């Protein structure tokens, strides 16, 4: 194939064109190729500065005139009315017959006044060059070499203008000859080329429209002839050479309908790759082990190279494939849409209707959802088809409805393969396709085909399916919704960018880096070529902050995404204009693919010293409290305190609280052993829950003393035991049964605060504290009322100050006594996150409870 088709073939097969072998490898590599009977030149990829196919370089399907052997009968007449031409440019693609060295007439334009009014002739010289000469008003320029007689397609342009008789000949985009004074008559200025003449391709007119001679006839192939009534500039000639028509001042445009073709001249429709700005490509000379250059349009052997890891992933995908999707698509289409073997399938040069039919069938099969998760081979096959469709060439005059429908199907297939259930499949072919950013690149290639849809009446196109869409005005925009790429792009690859930032920050604990917005893509186009420009945009955040309240978005990083690297992130040329909690406004000095990464950190505002102080206070407080509880428990048993409801409830509360605090003091030692840590957590949960349950019982007991309750003491005690021990056992049992795998925190022997498990403790505690607060309020009211009555009875004439003092003490005494007994000091826990001071208050009050 030619270089461009060879490069496309390798790319569509998830490989690369052979790179230049290292010096030490050249000899052995040459022998390897010779052993496979490969001789001569093979195409090479450029190691430094990869040879990218220009955006406006394309396959061109045109009518070609085949003149064959030289005769005096073959001709083609241009059916067009020519005006007077004070300036003229004529351009065409030409394939010269190298079998003869006789003069040949490419075209001739005759008017009654001058038979040789405007003519281009040429021949092959002894050195193998084709020489051209221009004739205007019968005046002849010298024959000058313009291109090699190599049998390849070449592009030429000839220009002439009345002023000074200036003329030029261009070949393959370069000026080969130029001068002035052509057809000047004496001292007078040259005349314009006369209008209303006869234009003949392939013959010299010796009379108006006839009298041809075999010796001067053209032999070869010609296509894409265009004529303008002005002199084209170098840039315009380069565009014409690359198959783009300059419409301004066009007198004749290449079309079968505007030609009268003599019956023996063959007219065939041919597809050829328009020449691009790079004319010569690098080749490896097998045998001599050297390097040289050859015309990129030559057909030469080529080799596709795979990285080993990519090759083995492809082989594995091929071997493990059930081929269900491939078989279903091909059966439904009644032809081979997706080849069975990803390695050996041919490159299909698709036209619009074939591409539309293929994607229609594929979208139908994927939409059915009979295979919810794609296999690796299915994903590769779909991507291979998308690559082929994105390379399709849209010809002028094709139905615009088909083109828009193709865009719809393309976006739908893209959305379906990016669904969340296919994340594992993307990972399984990560060496073949460097992440889902490959899809972004393919969509970028596809959206450029939508240009014909834009008219003065329709200045905007939007095509969308689910999370993905194409939107094109003068600027080409794409977006990939948060759900489609976020999970595939987040993770180790993206977080690696920020390891230094995360490591250097002592105040927060780094958790993860996530793609927090949609991925968008922008490019500014002019004549199908990208133009560099800056861009400003705003992206909405779509990040889910984990539960528990200990997490927050610490910093924002604006990045662009490179598909070539499979989704590598870079901050080059980008800056944050404005950052809000729900969005980020950005500025970049270039157009590419953009997204915002969010770094999520755990709140860790305490320093290591503060943490150590809090741990020390906890240990000391719990130690003192534990000793006091044990002494009190012994006294209850030894001194012979009369048995009553109150002493029984006190004993149970003392036991539960002492067990919980003993476990808490030594829980740090158990965190290295997973099993022991799990057991400690379960018992801590049980005994702290029991302690709070018995604090609830203390409140209920107080309520029974303050408010009359119709229940016998025996029944009350049974109810107290069920509440004090039965309720904690049920809560802990249900929590372990439902959340066994996420029960314990990562760094402590306590409940996991990052999940809903923590509510199995916090929920009941908040309820108990609410009940006991109400009990305390009622007790204080009764105590104050009782104290006021007693005061009036015992000291009716006491001063107002004494009465107020008595009432304050009557209020303060039950509050001070009952706050720790009812567990209300734990309310301070709500304020801990506000300041380190509240953490100290919380620890002191509750470790000494």
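The chain as shown is numbered from 1 upward.
A Cβ is built for glycine as well, from the same backbone N, Cα and C atoms used for every other residue.
Predicted automatically and left uncurated, TrEMBL annotations should be read as such.
Residues or ranges marked as domain 'Pentraxin (PTX)' in TrEMBL: 61-274.
Taken from TrEMBL, the feature domain 'GAIN-B' covers 452-604.
Look at TrEMBL and you will find 614-849 tagged as domain 'G-protein coupled receptors family 2 profile 2'.
Annotated transmembrane segment per TrEMBL: 617-641 (among others), in sequence order.
Feature annotation from TrEMBL assigns transmembrane segment to 653-670 (among others).
Summarising the annotation, TrEMBL assigns transmembrane segment to 682-707 (among others). Here the transmembrane segment (682-707) has Cβ contacts under 8 Å with residues 645-646, 649, 652-653, 656-657, 659-660, 663-664, 667, 716, 720, 723-725, 727-729, 731-732, 735-736, 743, 749-751, 760-761, 764-765, 768, 771-772, 775-776, 778-779, 782, 818, 821-823 of the same chain, all six or more residues outside its ends.
Residues or ranges marked as transmembrane segment in TrEMBL: 719-737 (among others).
Taken from TrEMBL, the feature transmembrane segment covers 757-784 (among others).
Under the heading transmembrane segment, TrEMBL lists 815-843 (among others). Sequence-distant contacts of the transmembrane segment (815-843) (same chain, six or more residues past either end, CB-CB distance under 8 Å): 549, 603, 605-606, 610, 613-614, 617-618, 621, 653, 691-692, 695, 698-699, 702, 765, 768-769, 772-773, 775-776, 779-780, 849.
Of the candidate ranges 617-641, 653-670, 719-737, 719-737 has the most C-beta pairs within less than 8 angstroms of the transmembrane segment (757-784). Across the residues of the domain 'GAIN-B' (452-604), the predicted structure has a mean pLDDT of 62.
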